[in-house]
Amino acid sequence: MKYKRIVFKVGTSSLTNEDGSLSRSKVKDITQQLAMLHEAGHELILVSSGAIAAGFGALGFKKRPTKIADKQASAAVGQGLLLEEYTTNLLLRQIVSAQILLTQDDFVDKRRYKNAHQALSVLLNRGAIPIINENDSVVIDEVKVGDNDTLSAQVAAMVQADLLVLLTDVDGLYTGNPNSDPRAKRLERIETINREIIDMAGGAGSSNGTGGMLTKIKAATIATESGVPVYICSSLKSDSMIEAAEETEDGSYFVAQEKGLRTQKQWLAFYAQSQGSIWVDKGAAEALSQHGKSLLLSGIVEAEGAFSYGDIVTVFDKESGKSLGKGRVQFGASALEDILRSQKAKGVLIYRDDWISITPEIQLLFTEF
């Protein structure tokens, strides 16, 4: 089979009735498809929205709440109810499911990242289907992933999935908004995510959830840079998940980078928090960006920030001002200042294994989303 390990993301609009409440029939349809794929030998992860939709009615709200506290309370109730729906339906097919609630901290903190990766690996190896959502009942903006499109991409990269499928109410990326532009055409295969692709994503998508088409392009960037291809397709067909796994569903396919980022490089690229800035000369800039070399102390022109040994810093080309990438330093700021002042700068500040170059696609990720 081409895609053994698959991460599916199902959004709010794919799980709810017209009044915004949870549709048990839609949940049942999803679990039936998961069961069929599981029985065919696939390893599956489901990133599922729907906690607020499942819980607001039980708390007496007439419609989906808008206040943060009301939404968090609804999510707290709904997480259990939603998982019960998934668990009950999957157990009918003798399939075990597991709930994992994540926040951005679980990706930023390397220890927690490792723990989450290990837990998911055990679940997959034991034949369980992890059902993942952001921990909406307690999460705050500072540690919030923000949408389940992004979360699903981060999870797919973490477990080195063979495919990420983003199910939505639009059957792929169009050249315009298919709801208002009759000339809009679906892009079936996207080799590179650039500004033109981002501009195309601006108008399409659903207003029911927090993840429109633009967030799906962000997710596709994270996943494809990590070596995971992405398929955006419609959830409206009863067998859309099965067809996506078999590549027979209509949609948009985003090609993965041939040499995707491994775990350490993913962490550096997407999650590591920079504690300072380093400016380098032309020779060092070329060595880093074009030849994959380590950053030598002799190439450093200037340093800024109160960083310590082992911290992450951002490196800039002094001549152009362009950001080159991020890396883990072998000297703290004060020690580096002494070395540079002594004019005996020999040795390495950042080893190439602790370095990630910022590609145009990753740069767009930081500046456009």
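Cβ atoms here come from the backbone N, Cα and C positions, even for glycine.
The shown structure was predicted, so the numbers you read here are calculated from the model rather than taken from an experiment.
The annotation ATP binding site is assigned in Swiss-Prot to K9, T168, D169, T210, G211, G212, M213, L214, T215, K216. According to Swiss-Prot, the substrate binding site annotation covers S49, D136, N148, on the basis of sequence analysis. Under the heading domain 'PUA', Swiss-Prot lists 275-355.
A map of Swiss-Prot features onto the structure.
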residue	record	CB count, 10 Å
K9	ATP binding site	31
S49	substrate binding site	27
N148	substrate binding site	27
D169	ATP binding site	17
M213	ATP binding site	25
T215	ATP binding site	22
Within 10 angstroms of N148 (substrate binding site), Cα basis - binding-site residues out of D169, M213, T215: T215
Euclidean distance between Cα atoms of S49 (substrate binding site) and D169 (ATP binding site), Å: 14
Euclidean distance between Cα atoms of S49 (substrate binding site) and T215 (ATP binding site), Å: 14
Within the domain 'PUA' (275-355), residues counted as helix, strand or coil by DSSP: 24 helix, 29 strand, 28 coil
Cα-Cα distance linking S49 (substrate binding site) and K9 (ATP binding site), given in Å to the nearest integer: 8
Pairwise Cα distance for S49 (substrate binding site)/M213 (ATP binding site) [Å, integer]: 16
Average model confidence [pLDDT] within the domain 'PUA' (275-355): 93
